[in-house]
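Scroll down for the structure; my scribbles are underneath it.
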Protein chains: 4
Amino acid sequence: MQRVGVHKILCSGPGDISGALTLIDAGEIDPADIVAVMGKTEGNGCVNDFTREYATRAWCHALAPRLDMTADDVEHRIAFVMSGGTEGVLSPHFTVFTRKVTDDTHDGAPRLAIGIAFTRAFLPEELGTTVQVKETAQAVKEAMAEAGIASTADVHFVQVKCPLLTSTKIADALSRGQTPVAHETYESMGASRAASALGVAVATGEIAESAVSNESINADWSLFSGVASASAGIEIDYNVVIVMGMSRASDSPYVIDHGVMDDAIDADSLRACLQRLDIDPGMGRAALAERIVNVFGKAEASPDGKVRGVRHTMLNDSDINSTRHARAAVGAVVASVVGQSAVYVSGGAEHQGPAGGGPFAVVARV
Amino acid sequence: MQRVGVHKILCSGPGDISGALTLIDAGEIDPADIVAVMGKTEGNGCVNDFTREYATRAWCHALAPRLDMTADDVEHRIAFVMSGGTEGVLSPHFTVFTRKVTDDTHDGAPRLAIGIAFTRAFLPEELGTTVQVKETAQAVKEAMAEAGIASTADVHFVQVKCPLLTSTKIADALSRGQTPVAHETYESMGASRAASALGVAVATGEIAESAVSNESINADWSLFSGVASASAGIEIDYNVVIVMGMSRASDSPYVIDHGVMDDAIDADSLRACLQRLDIDPGMGRAALAERIVNVFGKAEASPDGKVRGVRHTMLNDSDINSTRHARAAVGAVVASVVGQSAVYVSGGAEHQGPAGGGPFAVVARV
Amino acid sequence: MQRVGVHKILCSGPGDISGALTLIDAGEIDPADIVAVMGKTEGNGCVNDFTREYATRAWCHALAPRLDMTADDVEHRIAFVMSGGTEGVLSPHFTVFTRKVTDDTHDGAPRLAIGIAFTRAFLPEELGTTVQVKETAQAVKEAMAEAGIASTADVHFVQVKCPLLTSTKIADALSRGQTPVAHETYESMGASRAASALGVAVATGEIAESAVSNESINADWSLFSGVASASAGIEIDYNVVIVMGMSRASDSPYVIDHGVMDDAIDADSLRACLQRLDIDPGMGRAALAERIVNVFGKAEASPDGKVRGVRHTMLNDSDINSTRHARAAVGAVVASVVGQSAVYVSGGAEHQGPAGGGPFAVVARV
Amino acid sequence: MQRVGVHKILCSGPGDISGALTLIDAGEIDPADIVAVMGKTEGNGCVNDFTREYATRAWCHALAPRLDMTADDVEHRIAFVMSGGTEGVLSPHFTVFTRKVTDDTHDGAPRLAIGIAFTRAFLPEELGTTVQVKETAQAVKEAMAEAGIASTADVHFVQVKCPLLTSTKIADALSRGQTPVAHETYESMGASRAASALGVAVATGEIAESAVSNESINADWSLFSGVASASAGIEIDYNVVIVMGMSRASDSPYVIDHGVMDDAIDADSLRACLQRLDIDPGMGRAALAERIVNVFGKAEASPDGKVRGVRHTMLNDSDINSTRHARAAVGAVVASVVGQSAVYVSGGAEHQGPAGGGPFAVVARV
């Protein structure tokens, strides 16, 4: 029987691991049990956001002596997914997922389970292509198996961290006569997220692998996953996959459910998901805080330039990238429903939910 | 008996007046009746936002031949308040207020009334001081009288457009041996909004004039107005005041009510206001759209750096000013409640509602 | 015999035409003689820079009564090229070019001549393609003929203002089953500038028309013009072309020469050009100011991510677009050589000079 | 006899220490000799620039095992000064200063010497006040003594790294009834730099201590140092001081001289300094590269809003902070003179050189 622990920890900056160390020193977190850390860090969430890399390194250096290994080895043992960008009310924080195998018996009701997997490193020219789709799909299946999630219907959230193209990587590909999918770094983030999300959709059976071609990536918005969340980061060369779902092999004190926001202001879908988890959205801030641990979701500026038929300006803004606008908007809508601002809303939802909308999952205490 | 008309008009850019001209050509708006235009334009809403000035000039040039006067004269006849910044889902638009004196009889229930007034031009060193407070209070009283609003209890929204300090104006003050309230242009916008809001609070009796000193402006957050909305713009030297409220001297087909958001994610206050207007927040998008014309509100990053006790990063962000973050967040929350994104959410709520929160008003069809 | 006048006019904002009106009222500029206005305006120079459109409209409204025509007719009579972005020391200003046909005799030495032409409006899907290349080349030849410039060797600067793709235009093309060259507005600016510059190169004979294919646009950097300067703007649907060069048919009191900066810090090329114009770069600020009227040039972040073999960060910066960085850098280098900061340095030099460098022209008093 | 080594090391990101480790592994740098590291990192250089802190931590973690101490102890042993912001052509890099006491004899000509010192930690309310001035002056004298620099005339560059006010620190001061010098974080950076620079000026005798009051800090621009360079960073609570100059007690293979740029485009002063070091500015790129190691300098937007009497827009830009504009401009001017873009140009030159200008120092091989 596995037991998953979930700890949401606030921080004063991307390098502040003090909250986690306090919990470790108090015995509430056993470092050896940590399988994944999902963080929101206060960078721009785009190409030159070094807060993701900095936070990951800070975690690795902090855990290294406690796990008796090097910082580099820690980085390959635990799935670190840092999503940059805390626009608007969003508050930087880390969510630590632990997993322990126990001999406990369990009443049999499904509970939160988690599994992780890594793909091989990608060549620059493979990003944003069907190669990335297939490798990601394979990793999702491995992570499901590790989590003990029997059916794709029990998968509620698949987080992928994927690489992006820097100008160095683009030059490398070109020097070898290869054509990268994008010549701009910011644009490559979207391509990498798109292929990763389609990989999730293939693994969950939401779409057939044969339905995906290089031409449909970031173009055919009818293809999407309702449980995928992909973030691109400059610090990795491979995909990291975290699968969360419900399993009878788990006796965690947590449950998870998911939904899809139709557009950036669709608070109704989130309220409906809370109700499926037996949480009354109107029961007051204190009561909500006791049940809801975190919301994990994706945001994007609707690619047709409109929200419910009315023009938005996010895609024409050359001062603030559209992912930043979308995180600020969706982050505030989510926070207004659940009453807390330390929620995980990540930008760029290509093939993650319908165009302009995005999937989300709620992790709650039973 | 006065009758106030309200027309919300979408646009494709700050210089696009075509929507208004279509209504004028169709006879739905008589240019001679226009008393105020409140616009959201797609600039940065800060110092170097020329979309406000551009939109105002475009309106003046478009109306000049239709009012048989020069563009400059139009600018002094109609109260133009352009609020820059359409971050997140916010959609650029103009709200045109018309007023016509009629011989119609009326059933006696109060309806939407509007009045406008202007202060004298301010010297650079007067901005952000009690001079601006007093002149604004006087203008509010004039506008109330013009609107036929008998009691301050019937005032639901007071929009003020106020000047800011450019480096040229700062240098001018310094050259005359005067000390402007701020040496940075962006900072001066907050000072000017603060004094203007306190002027409203004095006029409505929310605070005593004797309670305001130069030291309390932008410092003592216990002093605030629940109906004030102030926007600073580079294009004017004086304050423009628009008072909206309910009056038995009006038989408009519109009503107005207001509330105060306690913080940036306080959707509950907005829902409560809708219910006071006999609008069920859950009655569906189409039904909401039929009743709600627009929401006018203010947003700000909480000056203590926290939302409900949890850190936000808006005040430490040197890439995106905090007013932009706050508009994106509050704009999305408002849009998620009323189901429309062409709402008037303006940034910088110093002394406008409590710290971190802001006043709002809903204009609805009866 | 034609006589070209050149007036550089500072301004306090994009809508400030007062400097020009003063010169017109004083009789120094005859509005009927104005053929072109090239401005630097203080927007971001990218997609949502409305200062270009605002400045153009301000000029048109100001000149309309003085030319006894509508503002719209003024816009089609005079070539307005507004380049957004005054990063670093760059100072917003307008350069007004006038042309008058006179009966004066002339000593025969070539002098500054100018001609303008317009292409037809482009469909969204034509931007950044060989269609735009060919139409631009044709317009350049028309403008050369109008200027009385006999040989392409006498062409020293060709300014093109070209359209960009907004999300509306992209959606329009897609709705008709057409594929626009870019799906991002910012990216489309580079494509439009690239095709325009290659059109100039074809017209001047710097490259053969057969050498250009859709695949080589924004890809084969060996193809470039040493006299082309292209700026993209949201406000037009067609290309505006201004050709400047030397002609014996002109007795202007001005001369022009050009050069190419090899990279963003190549001050030597500019100094060499000054010497060809018999201007000693070390002769002191006052003497330089008497001879040099303006420098017109292009800037770009080197697409290989390096300046003289050393990494720059302009292409990986998601907060500030690379065109803004490049204008700040090259603008300061040019200003440091000529001793004045009101120079016309425009961003985005695709196929305009070698990769990472850019063409420039110096207009000087004889 | 002391011998100072200077190594300029390029990097691929703020966390890339590989270049230094290569030199250490090759025996070219003895980690025990490192006294100071001055880096340019690719953040925004303003409040929320975590690349400074990240780079410092990366250095500390990399050196810890090589110095057999903890990372925290490394941070207190070596003076790390990371200046954020590589706008325009500026290239991220680190300059490592080593110092070794030797028994070598020396010909007696003065050579580059270096010394460092730290102040005590400051309370939030002490930043930007005469307290910071005095403590800094004291530290400068300590560092001079450590460097063996006999006369203030031999001091050519004093680098200070100083704290800034975050919203947390501001709240802390206010909660104790204290008034911090600024209520905005970005503004506090200027105040801290200003007091630090005046501390240098007091130590070098450029101004009398009695000439400085709290009122003159960031106000009386007639008070300044021609050798001070101050950078503010979120990662420290105290001032770090590095003094560089010429000393007969040094037999380093390096020399240093300094100058002051009158304004942002004053390339002449830099050329004159090169000539004083017997370096011909026109001797070609390769020859310049052999002599010049690095240029250390300060940049700022002229506070009167003008460069040589002509308006700039840096102070009114709410999208890009003026320090970023100034670094882009001055960095490019410096690079265009010395032919290399990995130069140390730091933003915010309050009381560092005259208003709008800034001090610089050139370190060259003999």
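Placement of Cβ uses the backbone N, Cα and C atoms for every residue, glycine included.
Please treat TrEMBL annotations as automatic predictions, because they have not gone through curation.
Taken verbatim from TrEMBL:
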type     : residues                                                                              : note
ACT_SITE : A:LYS161                                                                              : active site
ACT_SITE : A:SER231                                                                              : active site, nucleophile
BINDING  : A:ARG52, A:SER83, A:GLY84, A:ARG193, A:SER231, A:ALA232, A:ARG327, A:SER346, A:GLY347 : substrate binding site
BINDING  : A:GLU300, A:ALA349, A:GLN352, A:GLY353, A:PRO354, A:GLY357                            : Mg(2+) binding site
REGION   : A:1-103                                                                               : region 'RU A'
REGION   : A:111-248                                                                             : region 'RU B'
REGION   : A:254-366                                                                             : region 'RU C'
SITE     : A:THR323                                                                              : site 'Important for substrate specificity'
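Within 10 Å of the Cβ of the residue listed as 'active site, nucleophile' there are 27 other Cβ atoms, across all protein chains. Proximity to A:ARG327 (substrate binding site), defined by a C-alpha to C-alpha distance within 10 angstroms, is shown by the following binding-site residues from A:GLU300, A:GLN352, A:GLY357: A:GLU300.
The shortest Cα-Cα distance from A:GLN352 (Mg(2+) binding site) to any of the recorded positions (A:ARG52, A:GLY84, A:LYS161, A:SER231, A:THR323) is found for A:SER231. Among the record's substrate binders, A:ARG52, A:SER83, A:GLY84, A:ARG193, A:SER231, A:ALA232, A:ARG327, A:SER346, A:GLY347, no two C-alpha atoms are more than 16 Å apart, and one pair sits at exactly that spread.
DSSP assigns A:GLY357 (Mg(2+) binding site) to coil, not to a helix or a strand. Per-site Cβ counts within 10 Å over the recorded positions A:THR323, A:GLN352 peak at A:GLN352. Residues A:GLY45, A:GLY85, A:MET189, A:GLY233, A:THR323, A:GLY348 surround the recorded substrate site, their Cβ atoms falling within 8 Å of the Cβ centroid of A:ARG52, A:SER83, A:GLY84, A:ARG193, A:SER231, A:ALA232, A:ARG327, A:SER346, A:GLY347, which are themselves excluded. Checked against A:GLY84 (substrate binding site) by C-alpha proximity, the recorded positions A:THR323, A:ALA349, A:GLY353, A:PRO354 yield A:THR323 as the nearest.
Looking only at other Cβ atoms within 10 Å, the busiest spot among the binding-site residues A:GLY84, A:PRO354 turns out to be A:GLY84.
Proximity to A:THR323 (site 'Important for substrate specificity'), judged by a C-alpha distance within 10 Å, picks out A:GLU300, A:GLY347, A:ALA349 from the recorded positions A:LYS161, A:GLU300, A:GLY347, A:ALA349, A:PRO354.
Annotated pair A:PRO354 (Mg(2+) binding site) and A:SER231 (active site, nucleophile), C-alpha to C-alpha distance, rounded: 17 Å. Within 8 Å of the Cβ centroid of the Mg(2+) site, not counting the listed residues A:GLU300, A:ALA349, A:GLN352, A:GLY353, A:PRO354, A:GLY357, the chain contributes A:PHE224, A:VAL260, A:MET261, A:LYS298, A:ALA299, A:GLU350, A:HIS351, A:ALA355, A:GLY356, A:GLY358, A:PRO359. Put simply, of the recorded positions A:SER231, A:GLU300, A:GLY357, the one whose Cα is nearest the Cα of A:ARG52 (substrate binding site) is A:SER231. Counting every protein chain shown, the Cβ of A:GLU300 (Mg(2+) binding site) has 27 other Cβ atoms within 10 Å. If you compare Cα positions, the residue listed as 'active site' sits closest to A:SER231 out of the recorded positions A:SER231, A:GLY347, A:ALA349, A:GLY353, A:GLY357.
Across the region 'RU C' (A:254-366), mean pLDDT in this model comes to 96.
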